[in-house]
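Record features, source TrEMBL:
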{"type": "DOMAIN", "residues": "16-72", "note": "domain 'Small ribosomal subunit protein mS41 SAM'"}
{"type": "REGION", "residues": "166-204", "note": "region 'Disordered'"}
{"type": "COMPBIAS", "residues": "166-191", "note": "compositional bias 'Basic and acidic residues'"}
């Protein structure tokens with residue numbers, strides 16, 4: 001089997017520590033066991049187990065997010081290119097209707113539309129011409145200029161409304177569902193005992 005592709009790090013996810021921090025579930029405690037970006041995207045489940053990444057559900061969760069990232073399926077903020085110390089700032093700007101895609105867009109004046117874009121920290125405008133900007137994914141514009149989205153932090157800037165996305169613990173975390181009957185390993189045992197008890201009660 002050919003080796004799986006190792007995707008490049010991004011400004012929002014520059015190293016394994018940040019990746020593990022973002023996906024949450026306390027995975028950042030395993031950062032020392034995955035020292036390099038290459039290791040993060042090449043270690044097998046067995047190798048992760050041998051290095052001490054436990055329990056099994058933690059390995060499955062890590063491998064799940066690893067494949068999503070490999071395929072460009074990031075959590076919020078993963079597509080940002082202007083990031084300083086784990087912070088990406090967003091602004092609403094008007095661009096020609098033909099520019100970019102339709103993510104986070106609102107029709108504005110004739111021939112123009114409002115989009116949410118990533119700007120350098122402290123800036124009001126993107127670092128590239130407006131015709132070339134790429135709207136930020138997973139956010140939207142509410143009303144005239146309010147930026148909303150999961151874990152987005154709004155703030156009032158010098159030139160209107162802005163927002164920021166901060167790379168912090170659990171930003172991309174997918175919450176576990178409530179365990180029923182003791183989780184995966186004990187489920188069959190617990191349910192078998194319950195059925196046995198129900199049969200005894202029915203004969204009583």
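Glycine is no exception: its Cβ is also placed from the backbone N, Cα and C atoms.
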For this session: Calculate the per-residue pLDDT averaged over the domain 'Small ribosomal subunit protein mS41 SAM' (16-72) and state the result as an integer.
Result: 97
Exercise. Would you list the DSSP helix, strand and coil counts for the residues of the domain 'Small ribosomal subunit protein mS41 SAM' (16-72)?
Worked result: 41 helix, 0 strand, 16 coil
